[in-house]
Amino acid sequence: MAAGTLYTYPENWRAFKALIAAQYSGAQIRVLSAPPHFHFGQTNRTPEFLRKFPAGKVPAFEGDDGFCVFESNAIAYYVSNEELRGSTPEAAAQVVQWVSFADSDIVPPASTWVFPTLGIMHHNKQATENAKEEVKRILGLLDTHLKTRTFLVGERVTLADITVVCTLLWLYKQVLEPSFRQAFPNTNRWFLTCINQPQFRAILGEVKLCEKMAQFDAKKFAESQPKKDTPRKEKGSREEKQKPQTERKEEKKAAAPAPEEEMDECEQALAAEPKAKDPFAHLPKSTFVLDEFKRKYSNEDTLSVALPYFWEHFDKDGWSLWYAEYRFPEELTQTFMSCNLITGMFQRLDKLRKNAFASVILFGTNNSSSISGVWVFRGQDLAFPLSPDWQVDYESYTWRKLDPGSEETQTLVREYFSWEGAFQHVGKAVNQGKIFK
């Protein structure tokens, strides 16, 4: 298992590739990205650093055994395990294919489009429009490939997914607003599935998708450029003496002291993001405390404790019950792939957990299965339209609102919440269930 030190600068998406790979493989990596241990632009130009890494580039990795390697893809490969690299020659070749595709096809247009919005690069209108069209082509290509796949290569995350996600990261955060990305549902589903994996979240944190396409800011670009030195006037010059005293005071006020440490471009972009609004804030306060029910459900017997608590405290005016059924059972083949559909949906709805609960069950066997479940939502309507990020999967299901007082609803809730019962409306045996809580 690899172990060593990664030199980089903060929020370097190229370094994220190796760090996410290490989360999967168990490689032990120490990150040096800030003074006094590492100062980008200085440390990487010292003779000592250049002896180990002649190109002076970061990220750069130094193993505890003295092994040194630079270039982000090489580092990510080194700290990976066999599953990430591709467990067969064919899979390994496909992983390299997508890693190469990310560098050759995605990085150029992504940089041309995103960098001006961060103030890193000057804006060229025609180049930006060309980059947008190229990004559309790339997202469409991925969308077609992912139509019948959960991940880019095989049925599990590989370096292909890690690399392409990291390369697309700033596009999704900065410019791919909902109206632009909605044409690529399979790509969006895959991207959200990946970034919500625990190994991705450990490095990326909570990724906020773009709500409004960022534009080039000429002022920000000008501020990021090195300032030219202006010739000093001699002390006591005639022009200075002739200035009114009030004008001198105004000049002193205008010359505000510079902050001790300026934010880099990534930090500026993050700081400029609007604070997320609670999509349920408009609803009146409810007496039903969902978290308390979830604790009962997790720690107590479902039939004797959790269900009685649910019906005793359920607020039918503040909450609603829904039955959902997957629309395309004929497309379900291997049961583990069907389970991935459920798990992926849950991961993409992570921000909905405080206001929803669900029990979704896979019934049947390979090539003869179905998916259905019972959901609890805050409010009287389906929650998915409240956020574009929640709309990836829900149209793949039929939704029927349940009457909390009906005998049918009582039976459905009991059977789905306990995973026990006749399930007469299904006609197949329970294979396995998933809980969204």
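Count begins at 1; order follows the chain as displayed.
Every residue gets a Cβ built from N, Cα and C, even glycine.
Feature annotation from Swiss-Prot assigns compositional bias 'Basic and acidic residues' to 221-254.
The SUMO1 cross-link annotation in Swiss-Prot covers K253 and rests on similarity to another entry.
In the three-state DSSP scheme, K285 (SUMO2 cross-link) is classed as coil. For K285 (SUMO2 cross-link), other Cβ atoms within 10 Å of its Cβ number 6. What Swiss-Prot records for K285 is SUMO2 cross-link, and it gives similarity to another entry as the kind of evidence.
The annotation domain 'GST C-terminal' is assigned in Swiss-Prot to 88-216. Here the domain 'GST C-terminal' (88-216) is broken down by DSSP into helix, strand and coil counts: 91 helix, 0 strand, 38 coil.
The N-acetylalanine annotation in Swiss-Prot covers A2. Shown in sequence order, A22, S25, A27, Q28, I29, G63, Y78, V79 are the residues of the chain, 6+ apart in sequence, with a C-beta less than 8 angstroms from the C-beta of A2 (N-acetylalanine).
Note on K147 (N6-acetyllysine): other Cβ atoms within 10 Å of its Cβ, all shown chains, come to 11. If you look up Swiss-Prot, you'll see K147 (among others) marked as N6-acetyllysine.
According to Swiss-Prot, the feature N6-acetyllysine maps to K212 (among others). Sequence-distant contacts of K212 (N6-acetyllysine), defined by Cβ-Cβ distance under 8 angstroms and a gap of at least six in the same chain, are E177.
The N6-acetyllysine annotation in Swiss-Prot covers K401 (among others). Every protein chain shown contributes to the tally, and the Cβ of K401 (N6-acetyllysine) ends up with 13 other Cβ atoms within 10 Å.
DSSP assigns K434 (N6-acetyllysine) to a strand segment in the three-state reduction. The N6-acetyllysine annotation in Swiss-Prot covers K434 (among others) and is backed by similarity to another entry.
Under the heading N6-malonyllysine, Swiss-Prot lists K434. Long-range C-beta contacts of K434 (N6-acetyllysine), restricted to its own chain and to partners at least six residues apart, with a cutoff below 8 Å, comprise C339, I342, T343, F346, S359, V360, I361, L362.
Sequence annotations record features per position, and here Swiss-Prot assigns region 'Disordered' to 221-268.
Annotated pair K401 (N6-acetyllysine) and K147 (N6-acetyllysine), C-alpha to C-alpha distance, rounded: 29 Å. If you measure from the Cα atom of K285 (SUMO2 cross-link) to that of K147 (N6-acetyllysine), you get 41 Å.
On the 0 to 100 pLDDT scale, the domain 'GST C-terminal' (88-216) averages 92 in this prediction.
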